[in-house]
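Colleague: Got a structure here, written out as structure tokens. Questions coming.
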Amino acid sequence: MTTIRLTNTKTRRKEAFTPIDPANVRLYVCGPTVYDRAHLGNGRPVVVFDVLFRLLRHVYGPDHVTYVRNFTDVDDKINAAAQARKAAGDPRSLEELIRARTDETIRWYHEDMDALGALRPTHEPRATEWIGAMIAMIEDLVARGHAYEREGHVLFRVRSYRDYGALSGRSVDDMIAGARVEVAPFKEDPMDFVLWKPSDDELPGWESPWGRGRPGWHIECSAMSYELLGASFDIHAGGIDLQFPHHENEIAQSCCAHPEGGFANVWMHNEMLLVNGKKMSKSLGNFFTIHDLRKDRGIPGEVIRMVLLGTHYSKPMDWTAEKAAQAKATLWKWRKLTADVEPAASPDAAVLAALADDLNTPAAITRLHSIAAQEDGALLKASASLLGLLEDDLRGWTLPPVTGTGSGVMEVSGSATAIVGSVQYRETIERLLDERKQARMGKDFKRSDAIRDLLVGAGVIIKDTPAGAEWDLGADFDPARLGEPE
């Protein structure tokens, strides 16, 4: 069996991964707060840990991996979005507006992540469906002396957990000195964090032993992971921005509520995403949602995925238009090579070894280039699948890669039905090439050059051979530019 080695944030070492139960490998990844469309940075952990999910499924079997990624659908940002709609005149109740907003945002999220080629997790729990489990966990923490109630709030007593700060490498006193915490008069200690907070009549709330209220952010993941994965599970992952305070707080409350377990054995964090070397910011004009890139800029989801995997997850990733263009051209070539080809029975050993070495996706992609250079379409397709690439779903390609010759032979990436509508382009291109041939035979070189310029300008690649002209559609092919030559 392939040995997987992963960098464990908790130990700060790359370690051989040994699951608690090889028959049920368990993975938890923190999901989105569903108040708006997912931005490009939100896509990075989804794609990175989708590769981990695929790798675990390959090594241990698809039926032996459980992957949980939650939706936070109770949050002040969600409330604010619903209140803004209400203020704008929407007649629905705030509760109805919140549900409509979260349902809509989850649908958007699924559309975007499906386009990026991410497999759906085994479970996608919504926080609001697990309020009872959260209340029960908070009650356990209070009973064990790790939490207390003040003014309708329930707070976790941070100094009751002696290992607090171990994940992020911070001491409690240093954290206080750094003023990275919310100080409230009802706290025993500035570091104590909220498990439960009161709700007024206008805000979402649930009845509890401490009055009507709603959960704090951190307790959600602890309760849902316990209910779906148990007190101990294999891997907990997420973005580096969640390491503190979210993941630190998860560890504290989970280990104190369930001391019989160890919570997560391995912690993994992907680094941040930049755009053109800078942090994404609306004021800088470099803030993109995945929907923006897909729909407004016409970048296929598979291309976005390829760019995200081009940098190791442990390093900051810089998105640029040049990288996207390069990835698009590469995938276009690979899709033509794998058109209507059945994948090999097994992926390439070097690709698998690269991914098993702490998800080294750049090394895996380098190896895919070598396989493509050998024109082994079957092996390329099987190996790329481990990275979620070159699958039959075309995922946003506006036109499938097509090649042709004077005989009208065509090749298509993906399913055969993807060719629908492109026959007209073949007929137009071959008619123009025939007109070009006739013009050259009649020594009307001005017209033959004009036809060639028209085709090239539309993104058609022409190669003249002794047997006649061969053509190919480039990645920038635009049928709208196939007019009549001047």
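Counting starts with 1 at the first residue shown.
Every residue, even glycine, has its Cβ placed from backbone N, Cα and C.
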Colleague: With the ranges 149-153, 279-283, 294-298, 424-428 to choose from, which does Swiss-Prot describe as motif ''KMSKS' region'?
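Modeller: Going through 149-153, 279-283, 294-298, 424-428 one by one, Swiss-Prot flags 279-283 as motif ''KMSKS' region'.
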Colleague: List the residues of the same chain that sit at least 6 positions away from CYS30 (Zn(2+) binding site) in sequence and have their Cβ under 8 Å from its Cβ, in sequence order, or write 'none'.
Modeller: PRO45, ARG69, ASN70, CYS221, ALA237, GLY238, GLY239, LEU242, HIS246, HIS247
Colleague: Which ones in the same chain are close to LYS282 (ATP binding site), with CB under 8 Å and 6+ residues apart in sequence?
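Modeller: Within the chain, LYS282 (ATP binding site) has no Cβ neighbours under 8 Å at 6 or more residues' separation.
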Colleague: Give the number of CB atoms, excluding that of GLU250 (Zn(2+) binding site) itself, located within 10 Å of its CB.
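Modeller: Excluding its own Cβ, the number within 10 Å is 26.
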Colleague: Within 10 angstroms of the C-beta of CYS221 (Zn(2+) binding site), what count of other C-beta atoms is obtained when all protein chains are considered?
Modeller: 27
Colleague: Let's check the environment of HIS246 (Zn(2+) binding site): how many other CB atoms sit within 10 Å of its CB?
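Modeller: I count 18 other Cβ atoms within 10 Å of it.
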